[in-house]
Amino acid sequence: SMASPALLMRVVASAYSVAEKAATIVRNVMSTGDLGIVEKAGPTDLQTKADRLVQMSICASLARKFPKVTIIGEEELPTDDVTEDLIEDGHCEEILKKPCPAQYTGIKEEELVIWVDPLDGTKEYTEGLLDHVTVLIGIAYGGKAIAGVINQPYYNYEAGANAVLGRTIWGVLGMGAFGFQLTEAPAGKHIVVTTRSHSSALVNECITALNPDHVIRVGGAGNKIIQLIEGKASAYVFASPGCKKWDTCAPEAILHAVGGKITDIRGNSFQYNKEVKHMNSAGVLATLRNYDYYASRIPNTVKESLVP
């Protein structure tokens, strides 16, 4: 008989189905026309009914299956009284069939930390920029992002009435990433993707110093990493605090699974153990290829302005 799948593969397979359920909730909330928007820290820091319902769905569904795993979500919400219709019990069979990378076969539930951003790009969601929106489920072990699921609920939404909406990208370090076509940015072009709604003098100073051929401003960390792995941008640069661990964990795992690199602006790796502070206070620098080219061009004045 076949050995039962390793815990990590069971968690990723469940997270895949949980993310698909989350996408359905995101689309359902939008279609009702009542987003239930509340401001958290200010007008660019919003929470909607979708953020709340999706986080409850993801956290409760995964906690029920993997009760000893630590799950950290963006929104501060009560964990009790989650209604049964928010629970997703399924898993992706295709993921369970894949062998777990050897270095992760012995992982125990209590050694995993799952970082959840129920709706990355909330501001864009409220403004109808639906292709910016992602659902992020990142899985960390030993303080390192080792697996991730990114769902784009509105992938394909401009392709007409008969298009299949949404897609789920997933990856595991040592195995690769799936659900998209890996593409490198045009050789010799420096295309920088950065924040759309959290710009600042420092953010712009850093980008100017890189002398890019083109700058793309979009919402969502998940969306920006997708720009890198699909070859639309060559670097993701954000010289500012604001990004949190739940923004970077899933995207980092997927980017690293295909040979890319993400750090803060000063070149430090992110840590994802459960005790870590949530803010990535020294910003983000990420590339699929040529990380050193961009890292070497970040001005010292910018690095000194950002304290990890």
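Placement of Cβ uses the backbone N, Cα and C atoms for every residue, glycine included.
Per TrEMBL, the feature Mg(2+) binding site maps to E74, D117, L119, D120, D247. Applying an 8 A CB threshold to same-chain residues 6+ apart, the list for E74 (Mg(2+) binding site) reads D51, Q55, V116, D117, P118, K244, W246.
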Other than E74, D117, L119, D120, D247, which residues of the same chain sit close to Mg(2+)? List them in sequence order, counting a residue when its Cβ is within 8 Å of the Cβ centroid of the site.
D51, V116, P118, G121, T122, T134, V135, L136, G220, A221, G222, K244, W246
Surrounding CB atoms that lie within 10 Å of the CB of D247 (Mg(2+) binding site), all protein chains:
27
Using a 10 Å radius around each Cβ and all protein chains in view, which of these binding-site residues has the most neighbours: D117, D120?
D117
Starting from the Cβ of L119 (Mg(2+) binding site), draw a 10 Å sphere and report how many other Cβ atoms land inside it.
30
